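Features reported for this protein in TrEMBL:
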DOMAIN    1-70  domain 'Anoctamin dimerisation'
DOMAIN    73-645  domain 'Anoctamin transmembrane'
TRANSMEM  84-111  transmembrane segment
TRANSMEM  161-179  transmembrane segment
TRANSMEM  238-258  transmembrane segment
TRANSMEM  270-293  transmembrane segment
TRANSMEM  321-344  transmembrane segment
TRANSMEM  452-475  transmembrane segment
TRANSMEM  503-527  transmembrane segment
TRANSMEM  606-631  transmembrane segment
Amino acid sequence: FFSNSTRSRIVHHVLQRTNPELGTCINRLLGNNTYEAAFPPHETHGAQNQRHLLYERWARWGIWYKYQPLDLIRRYFGEKIGLYFAWLGWYTGMLIPAALVGVFVFLYGLFTMDSSQVSKEICEANTTIMCPMCEESCKPWTLSDSCVFAKVTRLFDNGGTVFFAIFMAIWATVFLEFWKRRRAELTYDWDLIDWEEEERDITRSVMSPPAGQRMSQFFIVSSVFKLCRLTISSPQISLVLTAVFAVVVFRLIAMEKFASFNWDFIQKNWQFATSGTGVCINFMMIMSLNVVYEKVAYLLTNLEHPRTESEWENSFALKMFLFQFVNLNSSTFYIAFFLGRFAGRPGKYNKLFNRWRLEECHPSGCLIDLCLQMGVIMFFKQIWNNFMELGYPIIPSLLQNWWSRRKMKKGGGGGGGGQNVENKTQLPQWDKDWNLQPMNAHGLVDEYLEMVVLQFGFTTIFVAAFPLAPLLALLNNIIEIRLDAYKFVTQWRRPMPARATDIGIWHGILEGIGVLAVITNAFVIAITSDYIPRFVYAFKYGPCADKRPRHTDECLKGYMNSSLSVFDMWELKNSSEFRYCRYRDYRASPWSTPPYEFTLQFWHVLAARLAFIIVFEHLVFGIKSFIAYLIPDMPKDLCDRMRREKYLMQEMIPQLSNRALSL
């Protein structure tokens, strides 16, 4: 009559409420170490039971292409875990169109890479002398040395960038709106429409003044807790800023060293070397700080004294999201919006500590640095997370088996080994489950964090710089679903089933990321990429300024010469064999009066960038709001079924009342 998960909840409910005043309830017994653990046992392997069916239809790697048996997951693990896998499967399915469009945008850049006018001008600029990248040991270099860098930039900085950014903003809205409809169907099918969560308070202290204590004294205690939270949070903010600053300093030092390297290959590709090593250092810092932030978030949540378990989980999840989001994206925001913006100009460079010159953008733009940052972090973090999810449960088990075999060999029992294996197979199921790893103490928080912060964040927030992000997310999720399934069915103790009607605070976080994605992509296209400068040149300064229609490649002839300013190196009184060098900026020539002032083209580009940000944000937000208005939260057939059930209930009540009166 009851499902597997419901029976487990009933037993847990009874154990929780067994003589709590005498201290014999299960929570008290676990707290004073009378019992080491309490968990519902798995069903045995081999029999035709729900666990066996879950392994055959869900956890095996060979069925990665099949739909998940959500009803079976719900009956065995409970509605809360069932909703997580339903959301993960829905998210993975919605990534398919996003990945396809992203691949098309990437292929468009690949096929037009060699025909790009900007790339051609850079690769053919054998006589264009660029200013040195550092002031001591660096020498002037030719623009054609960065030909490979310019072609790679074309892969991601092309005309499809704007379209893809708009598409992904709309995709995020469609994904969330249709997930609401899918969630409504699941809650109806799982009989959760009228369910209300009932939880016992996990703490009652500090929520109200104790008896005999004045309210003012209670507020003093609350203020002390707030001060503690502030004291703990402030160093974490400083830690993030310090990590970003360390990466910036490292990039400045690496740029100077690689640009003056003795190896010609490194000297010509110093941009890739600087960006690549900087990303690797940043990745190691991110992984190290994540461990610290988890402990800090746990401490801060306990200092808040949440009233219920769901409040504790939501508070902890929000803190973990904020910490990891800032940790993961702080350097990305620096590269996207600050790299090369405050470098100055030759002869008047801005320096850090009067020692290191601030980093400049490549002549073809800074977008490739942002792309490399996102690609490396996303790729390696997904590999690391999957390794930890699979390796963390399996490695202790392998070590335990190895140690057991070693002890048997020392005991000199060849036949004893077979007897030990036989005894192990005859152990009760709870004893076998005891050897499995317990589910992490934070429940599904870590699972949602991995998907929301890294995946959904990178897939939407900076997707204009990395159109392959949805493809990487899709491939990872195909592995993630089966990896999580295998972990829940075979490697973890069975968690206590719980009911839930939605994914909790994560839906609000996803909506917030969707809004932030519109703003960041508008700034990435307008500020980080060279889309707006090329657009202004084609319509105002290029050879097609007065022609209709304007062909992009033809109208961009002379763009690189227009985007590079001239500097007189003899002003520095050095012994350079070249008098004039070029640098990326819109400034007047040294023979102008006054020299090195911003040109009119600079102000045109700046105005166009601001105008694009305003138009892009209003357009995309308008489309998102319109789509959200058009898509109802519940399907029409579901509303009809619910109204039909309500009508039948209203018709049935009088009949039952009359029958009761007749008796």
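Using N, Cα and C of the backbone, Cβ positions are placed for all residues, glycine too.
Among the stretches 161-179, 238-258, 503-527, 606-631, the one making the largest number of Cβ pairs under 8 Å with the transmembrane segment (270-293) is 238-258. In the domain 'Anoctamin dimerisation' (1-70), the DSSP tally of helix, strand and coil residues is 36 helix, 0 strand, 34 coil. Annotation: stretch 606-631 has the most Cβ pairs under 8 Å to the transmembrane segment (161-179), among 84-111, 452-475, 606-631.
Counting residues 6+ beyond its ends, the transmembrane segment (503-527) has Cβ neighbours under 8 Å at 83-84, 87, 161-162, 165, 168-169, 172-173, 176, 179, 183, 310, 313-314, 317-318, 321, 336-337, 367, 370, 448, 452, 456-457, 460-465, 609-610, 612-613, 616-617, 620-621, 624 in the same chain. Scored on C-beta pairs under 8 angstroms, the neighbour of the transmembrane segment (84-111) with the top count among 238-258, 452-475, 606-631 is 452-475.
Per-residue pLDDT, averaged across the domain 'Anoctamin dimerisation' (1-70), gives 81.
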